[in-house]
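Comments concern the structure below.
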Amino acid sequence: MKFQNLTIQEMRQKLKSGDLTSVELTRACLARIKATDSQLNAFITVCEEEALAAAAIADQQLAAGNAELLTGIPVAVKDIFNTLDVRTTCGSKILDNYVSPYDATAIVKLRQQGAVIVGKLNMDEFAMGSSSENSAAGAVRNPWDQERVPGGSSGGSAAAVAAGQVVATLGTDTGGSVRQPASHCGVVGLKPTYGRVSRYGVIAFASSLDQVGPVAGNVEDCALMLGAVAGYDPADSTSVDCPVPDYLENLQEGVAGKKIGLPKEYFIDGLDADIKQAVDAAIATYRQLGAEIVEVTLPHTDYSVACYYLIAMAEASSNLARYDGVRFGVRKDNGEGLIGMYQQTRSAGFGDEVKRRIMLGTYALSSGYYDAYYLKAQKVRTLIRQDFQNVFEQVDFLLTPVAPTPAFKIGEKVDDPLQMYLSDIFTIPTNLAGTCGLSLPCGFSQEGLPIGLQLIGKPFAEAEILQAAYAFEQATDWANKVPTL
Amino acid sequence: MKISQNDVEHVARLARLSLEPDELQTMTRQMDVMLGYVEKLNELDTTGIEPMAHAVPMSNAFRKDESQPVIGIERALQNAPASGENCFKVPKVIE
């Protein structure tokens, strides 16, 4: 059997029984990456030596009977995670030479669980984008159709899993950056509740919205990955000190008697016909599984893109002030003094999309405009959160499309930033409200492109949407489809 | 126009970016489109609505004021474009 068809749970069994060693598994994984990545460009850095060393240690632990959740399993992470002694670029020229002096908390947790980190995944520069085209390392390609984008910003994280390069990955989701690429690549991606996973050591984009999320080939593996990285971290004052449930324990719970809300604002004219059909079929499946379906309303949905981009750009302009050529990164200096050095460094180091967001964010925060733009957006954010609080008094979770269209063509939206931003309309509100959401495969377009279904849960109700996703996955066979590569 | 080329030049100075003439033109056009789009928020009356800075209802997170292990000078300086005498080196600030 090819390793790329195994799940994490199957790998664990084979490692435990001695059918397979971690070194063998890691070599197979590295070989698969070597064979396929010239087509996909999903990886920025492959850590062959470090991975094989970690695999050898994992084999010793397995032999001694000391297996943790991920002992000996090869995984990969978005290049936004600080990873000790490994190049960490965040998809940017400005961090081209940056080698991290420490591990992000999520990386520490993966290592504690015995995971073998095989590399760093490609992404939109500083996680700003919905297509993974804005990367200093070049665009990522969709494994289902290499002329198309894999989604973004965690495009590498989703493409690598879809292509069987690794069994699971970590991404980050600020406005849909895990769920939208998972949808476009036909894999499972989860954005946990804000505060569920530590952001320490995750290169910051918009600090009040950023959240770490797992991507995997099926719901059970996604639940396992979440369990591995979730939890309070004193190093992240916004992580929440509440117990982490065992996400695998009641996965088979089912949805009988559950009340599922369909927000009418997410089923608008202009929604792609294939997507509408696939989502309608999913609704019928849930009905058959015993759930009650009710229409609900999130009246401020239409304002979420404007609200999100003002807040995210304002926070980004502040977070990205640190890239000044002083402490790390690539410095450009042609002898025009300190301010000149800052300007040359930043102008040469940032890509167009990042500059655009820094500019808009700086403008929105600048004297005379703060109240009209930033403060106004923060107030609208309150209204959007209230929408969710209201519907969660009526239903257990929400069911929606992930994106208004399947994966678009590479280059199609690069010259029209607003069109690109509007493609995030169904994923953004979850981040603004601070709640959790996941994307799972629910069908294909007529052109053979994967379509994702989004389940949005109450704050800290990841277990509940994972159970609902698992029930759907068991009742359908979308998760078993893989692209040919 | 929501924003002029002069405004954009001013914001670029605040953001410590220098834009080439063609970049400046594109930036002005694209910022204008975005600022026009976000005007949409003014359709909503937000009188008396509290601004939301954060998704988690929490106030300041305090910790005990105790010393903890730190990364160390060598590690902190390993990525510095220029360093010396345990410091980051920058271009001359005061003439």
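From the backbone N, Cα and C atoms, a Cβ is placed for every residue, glycine too.
In TrEMBL this protein carries:
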DOMAIN    A:24-466  domain 'Amidase'
ACT_SITE  A:LYS78  active site, charge relay system
ACT_SITE  A:SER153  active site, charge relay system
ACT_SITE  A:SER177  active site, acyl-ester intermediate
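A Cα-Cα distance of 5 Å separates A:SER153 (active site, charge relay system) from the residue listed as 'active site, acyl-ester intermediate'. Spacing of the residue listed as 'active site, acyl-ester intermediate' relative to A:LYS78 (active site, charge relay system) is 11 Å (Cα to Cα, whole number). Neighbour density at the Cβ, taken as the number of other Cβ atoms within 10 Å, is lowest among the active-site residues A:LYS78, A:SER153, A:SER177 for A:LYS78.
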